Each structure stands twice: as structure tokens, then as C-alpha cells.
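These come from TrEMBL:
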REGION    1-39  region 'Disordered'
COMPBIAS  10-20  compositional bias 'Basic and acidic residues'
COMPBIAS  21-34  compositional bias 'Polar residues'
TRANSMEM  47-70  transmembrane segment
TRANSMEM  82-108  transmembrane segment
TRANSMEM  170-191  transmembrane segment
TRANSMEM  203-221  transmembrane segment
TRANSMEM  275-298  transmembrane segment
TRANSMEM  324-350  transmembrane segment
TRANSMEM  370-389  transmembrane segment
TRANSMEM  395-416  transmembrane segment
TRANSMEM  428-451  transmembrane segment
TRANSMEM  457-478  transmembrane segment
Amino acid sequence: MGENSLRKRKGEDKGREDGRSIQSDEPQATNLQKQAKPPPSLPNVSFYFQVGLISGICMIVGTIIGSGIFVSPKSVLGNIGAVGPCLIIWAACGILATLGALCFAELGTMITKSGGEYPYLMEAFGPIPAFLFSWTSLLVTKPSSFAIICLSFAEYASAPFYPGCDPPQVVIKCLAAAAIVVITIVNSLSVKLGSYLQNFLTAAKMIIVTIIIVSGIVLLAQGKTENFKDSFKDSTISVSSISLAFYNGLWAYDGWNQLNYITEELKNPYRNLPLSIIIGIPLVTVCYVLINISYFTVMTSTELLQSQAVAVTFGDRVLYPASWIVPLFVAFSTIGSANGTCFTAGRLVYVAGREGHMLKVLSYISIKRLTPAPAIIFYGAIAIIYIIPGDINTLINYFSFAVWIFYGLTVLALIVMRFTRKELKRPIRIPIIIPVIVILVSILLVLAPIITAPELAYLYCVLFILSGLIVYVLFVHFKFNWPQKISKPITMHLQMLLEVVPAEEVIE
């Protein structure tokens, strides 16, 4: 991520085919850039930073591997019922995540804008689907996910101080809020520091991943294979069980698209975006499968299902008396995932503000730090609000299926633009069968929980998404500007405190 210069877009696209490009079609606007050349208006900026291949891989790996694989892989086993199908599901989820990420790689190298799904939906379907995506993501899915990850961190970080009992909820919530504040400050002050922190925490979590995998391989070499006998026995194979197993497995892989949120700040995105995906996601897939094999080497299916924290149970049985390593590194893992989420999601807020779909102040840029500080602070503030309720895990589960609605729409945008935007250069062009598969799977993942366990909560989720239409009509289409007027005092204070200015005022 970069301490990067901010440049006027001039519609320059060397690869354009007929004089038009995604850059030249839009009005001149300022964005977070990756070139290491300071603009004259920022003479005090002494260094610039670029997101390269290693940082890109760390962003993907560090964001995907959070608390899920260490705490609750039993959700997949609980739906599928046996060891063999469980391992197949974990591998298949990795393959699906890779296919989805390849679709996003074509989109990201064709439309080199930050903001993830937002600019792709905007170009393919217009402002309404893009607004509904930003509306749902900014107010529900991303900040609540950020909050849950920080709550998981708080539980593991506070556990050693309360041996034999659960830590008080007030301690967990305060520690989670503190984690959100620290991560928000780090990413607001310096994108270079945020990137370095992500690299360090990714390296830390890979240590515990390596410890678990190597321990499992050693035990297998010693002949501890009894839990793998009749590995398909008692499996519950059905469309609904497989769908729900995929649903839970893919939740652990969530984050495979995070690099598309910072495309504007990638060094050589045509090369590093696809390479980071091709290296990062298969690496995560191999780690997930091997970690599950290690779990099953030590625990039977029944014992794994009864465990509250699978990695901790594994550590108690294998690493004792050094089992304290597990909660320590799980805390590193969760805080790394939270940092990666904040690192990228702040750009979605910034892009939405730049397009006029959020308050204008959210598109402001810090003059000294060259970060979208107001957007990141907004994101952190919403996440803290989600910590206040007693338990939002259920809320996350109900709203997570909405993510796959937009994943499916985004991949559909790839197919649509194959016909509607033929003039765009496509440095990566994947076979059409790949987006078709991803779309079909996304439809299945959206419908599966509704069909197998219909609840009003899913209806509430859909109604919330559609309520964004009312907001769009009033404040975007008819341009009611009273929110901008109300936020004007806040904007003035932010300009003084954070030294931020509208992006369009910072020119090369």
C-alpha cells in the first residue's frame, strides 16, 4: 500500500484499442496512485510506497487466514458428517475461491480502479447496483465482519488472564474496541506502516500454521492414522448438506477478493494482481487442507465437533507444555485479518464518496499522509458500533449470504462487459466457463440457506438491501443535500485536525 502521489486522471491508457478506455470515459478525478513521483503541491512528502507482489500475496493470505481455520472448522464437518468428504469440501472451496479470484483478476486488470466490486458493477450495470453494494457493504457486512474479527482477537488475547473461566464481556468488548482504534489509526497515519504491519502479522500466523502442519505430518509418519479409516463412513451427502458445508467453508476463505480494493495502489497491477492471486489462494488452500488433516490426526470426528476451539484443543494435546503458543498466534492471526480488512475496505468508502454515493467528506485525502483518513475513520467508527450488541455472530451469518449475491452479480458483470465493452483492453482473459461456474455456485449459495432453513431474517436482509433504493432516489438521484450541509461542520473540523482536502484539489 503506498504513500503514493495523487494524480489527475488524464484518460491515458496505452493499451486502449479504439481510443476509449475505462479511464478516459470518466471525468477527471483524483485517485490514490502508485507512482513514486511527488506532486508539487505536496513538497513535504519525502517517500512513497508501492504495493508489490510480496505485499499483495501477504494481503491475500493475511486477510483470508483469520480466526476461522483455528477456531471452528467443525462447521464443515457438522454438515457433511465424515472426514473424507470434509477434506474434499475444504479443497473444493479453495478451488472455487481461486476461480472467483481469477474472474476478479480479469476485472481488476481491465478496470484498474480501487473499490472491489463497486467500480465493476458501476461500469456493467450502472449506479444503482453499485450503490446497493456500497450501501450493504459499508453499513453491514464489512464493518460487522471487522467487529467480529476483533472480538475473536479480544477473546484469545484476554483468555490467558482468566484461567479456568471465560473473560468478562466488558473486557472483551473494550479490548476489541481498542484493537479497532489502533488498526484504524495505523492505517490512517501511514499506508506504508499498515502494509508492513500486515506483512509481519502474516508471517506470524504462518508460523502457527507451519507448527500445526508439521506436527500433523510427524504424527502421521509415526503411524497415527486410525482416524482416517473408513473416512467416508456415516457421511451425510445431499444437496442441502453440501451447500451448507460449502457455505461455511467459503466463509473461512472470505477475503480472496481483497486485492481488488486497492488496485489503484498496486505496483504493475497487470502482473502483480493475477500473480498474487495465483500464488496466494492456492497457498491458503494447501494450508487449510493440511491443517484439517492435522486436526483429524489428533482428534476423532466426535471430539472435533465437541471442541469449542479446535486449534486450542490441538495445542493442548500436541504442544503441551508450550500450548500457550496457540492462543498467542491465533491472536496475531485475527488482528492480521482485521488489519487487512481495514486496509482494503477503507478504499471502498473512499471510492463511494468520490462517486457521490457517500458523504463528500469521505472522499477527502490526507495531505501529509496520502491516505483516505476520513473513510478509514468512518469504517472504524461503524465497526465499534457493532461491538456494542451482546452477540452479532447471528447477524453476520444472516447477512453473509448477501455477499454472494454481489459476488454473483460482479462475475456476471464480467460476462456482460465481454459483449458491451469490447473495446476495453483485457491483459487477462479467462475462459468463459469459469465465470459461468462461479455464477451458478453463487446462486446455489444464496438459495441454499433459504431453502433448507427458511427464516424471516433472510427476508429482513433482502429488505435492508432494497431499502438502499430509497436512499439512492432521495440523496443521489434527486440530490437532496441536507446531509452534506449537516456534515459541513464535521468536514471543517476534519480538515483542520487531519489536514485533509478534497481529492480533486491535489493535482500533479
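Note that the numbers count up from 1, one per residue, in the order the chain is shown.
Every residue gets a Cβ built from N, Cα and C, even glycine.
Those TrEMBL annotations? Automatic predictions, nothing curated.
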Is the transmembrane segment (82-108) packed against any residues at least 6 beyond its ends, judged by a Cβ distance under 8 Å, and which are they?
64, 73, 76, 120, 227-228, 231-237, 242, 245-246, 249-250, 252-253, 256-257, 259-260, 263, 269, 273-274, 277-278, 281-282, 284-286, 288-289, 292-293, 296, 301, 407, 410-411, 413-414, 426, 428-430, 434-435, 437-438, 441
With CB pairs under 8 Å as the measure, which of the listed stretches 47-70, 170-191, 203-221, 275-298, 324-350 comes out on top against the transmembrane segment (370-389)?
170-191
Contact between the transmembrane segment (275-298) and the transmembrane segment (170-191) (at least 3 Cβ pairs under 8 Å, separation 6+):
no
Which stretch from 47-70, 203-221, 324-350 shares the most C-beta pairs under 8 Å with the transmembrane segment (170-191)?
324-350
